[in-house]
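Undergrad: I grabbed these lines from Swiss-Prot:
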- Lys58, Asp59, Leu60, Glu70, Asn223, Arg336, His337, Arg338: UDP-N-acetyl-alpha-D-glucosamine binding site (BINDING)
- Lys156, Ile210, Phe211, Cys212, Pro213, Asn214, Ser215, Ile216, Asn217, Ile218: dolichyl phosphate binding site (BINDING)
- Asn217, Asp287: Mg(2+) binding site (BINDING)
- 24-44: transmembrane segment (TRANSMEM)
- 72-92: transmembrane segment (TRANSMEM)
- 129-149: transmembrane segment (TRANSMEM)
- 157-177: transmembrane segment (TRANSMEM)
- 202-222: transmembrane segment (TRANSMEM)
- 231-251: transmembrane segment (TRANSMEM)
- 256-276: transmembrane segment (TRANSMEM)
- 283-303: transmembrane segment (TRANSMEM)
- 309-329: transmembrane segment (TRANSMEM)
- 387-407: transmembrane segment (TRANSMEM)
- 419-439: transmembrane segment (TRANSMEM)
Amino acid sequence: MLRLFSLALITCLIYYSKNQGPSALVAAVGFGIAGYLATDMLIPRVGKSFIKIGLFGKDLSKPGRPVLPETIGAIPAAVYLFVMFIYIPFIFYKYMVITTSGGGHRDVSVVEDNGMNSNIFPHDKLSEYLSAILCLESTVLLGIADDLFDLRWRHKFFLPAIAAIPLLMVYYVDFGVTHVLIPGFMERWLKKTSVDLGLWYYVYMASMAIFCPNSINILAGVNGLEVGQCIVLAILALLNDLLYFSMGPLATRDSHRFSAVLIIPFLGVSLALWKWNRWPATVFVGDTYCYFAGMVFAVVGILGHFSKTMLLLFIPQIVNFIYSCPQLFKLVPCPRHRLPKFNEKDGLMYPSRANLKEEPPKSIFKPILKLLYCLHLIDLEFDENNEIISTSNMTLINLTLVWFGPMREDKLCNTILKLQFCIGILALLGRHAIGAIIFGHDNLWTVR
């Protein structure tokens, strides 16, 4: 009954989108619901097939270590791409030709009263949209390759930049803006209001395409965390878009409409995946979903022209990466898996540890470890000679356990997601308040 009601709602939303405005966003909601239903239906039906072909893993944080299907993130990714292809006529509905005399002439078009010339088809927007889909397709393929062949970090770290090439090329051809604004207090010294970064701006965008997927992949290992953080990021991005729809100038609304129509269907398929991946999980998402989801946010930030704001929403992921650097760069021994340790006796998660007795850290880093311990940023274990013999692994997940003590897996995940949401809200407030003070204006308002 619920599915019949949902299908009826989808039909009404899509029909409404053809006859009323704002058509693109209304249709996006309809396709988001459709994506949720399709993903929710497919996941339980394909799980056993994934296990049969060897795509499975053991849940180390459960008694008995049950075997669960892995790489299930490929299902919502495939559904999302399929939905976004079907969505094309709806986002460009107002430009569609309904009468033509041939020879490429547009005689009569569907017209929406929005102050735009509907006879001029926005090929630049279509190329951006298609490049985004092509970029995401390439990312999904790379993610599946990683899940199948278990690529080493040094090999897969830069792969998202290769997948982002279509996106960067279309940005260069259709938009090509590489100027960044200078804070007002620096304008007097530099005698200019902006700086052209040229090629370095493309390096920055490629770096963002590398960072977003990998940052989600690093902050993982707890049931529901990979998908949960992406749902929180999607909600925060939509809140930012809503600010521009309600308060922003007309010039910025198209970019944020583009952002919203990419995010809403993504939110739909992610909610369906989260239903099966949250504690106690029945499926694993795999690296495929982490790459796919991260690239969605990179694409939205780049093509929506608010990449700096998007990076602010990734503050917990940035902190997690910086916090992990001593282990990632081998200053401190780094186990292959740094997941929190599950205690079967009480069912709680404890910080996992790196053994420093067998493989001591670099001598220059020992005082830093003790400083971090004093700041309560890590937990150290000492022997009778006051020598360090182990440290908690340096991830945001383990740090949460160091701060708040052992907790059940679902509570641990919810704590990190609440932290992500609160920091994201503060980041948005800071972006639109402090940014306006530093630069003298913001896209939402101007400071005089």
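If you go along the chain as it appears here, the first residue is 1 and each next one adds 1.
Every residue gets a Cβ built from N, Cα and C, even glycine.
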Undergrad: Fewest other Cβ atoms within 10 Å: which of the binding-site residues Asp59, Glu70, Asp287 wins that one? Let me know.
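TA: Asp59, out of the binding-site residues Asp59, Glu70, Asp287, has the fewest neighbouring Cβ atoms within 10 Å.
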Undergrad: Cβ under 8 Å, sequence separation of at least 6 from the ends of the transmembrane segment (309-329): give me the contacting residues as numbers and ranges.
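TA: For the transmembrane segment (309-329), the sequence-distant neighbours (Cβ-Cβ under 8 Å, at least 6 residues beyond its ends) are 208, 211-212, 215-216, 218-219, 229, 233, 236-237, 240, 297-298, 300-301, 338, 354, 361, 365, 368, 377, 393-396, 399, 416, 419-420, 423-424, 427-428, 430-431.
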Undergrad: Run the contact check on the transmembrane segment (24-44) against the transmembrane segment (157-177): 3 or more C-beta pairs under 8 Å, excluding pairs closer than 6 in sequence.
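TA: In this chain the transmembrane segment (24-44) does not contact the transmembrane segment (157-177) - fewer than 3 Cβ pairs sit under 8 Å.
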Undergrad: For Asn217 (dolichyl phosphate binding site), which of these binding-site residues sit within 10 Å, Cα to Cα: Asp59, Leu60, Glu70, Arg338?
TA: none
Undergrad: Could you list the residues of the same chain, at least six apart in sequence, whose Cβ is under 8 A from the Cβ of His337 (UDP-N-acetyl-alpha-D-glucosamine binding site)?
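TA: Within the chain, His337 (UDP-N-acetyl-alpha-D-glucosamine binding site) has Cβ neighbours under 8 Å at Gly221, Ser352.
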Undergrad: Report the nearest neighbour of Lys156 (dolichyl phosphate binding site) in space among the binding-site residues Lys58, Leu60, Asn223, Asp287, Arg338, comparing Cα positions.
TA: Asp287
Undergrad: By a simple count, how many Cβ atoms lie within 10 Å of the Cβ of Arg338 (UDP-N-acetyl-alpha-D-glucosamine binding site), its own Cβ left out?
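TA: Within a 10 Å radius of the Cβ of Arg338 (UDP-N-acetyl-alpha-D-glucosamine binding site) lie 20 other Cβ atoms.
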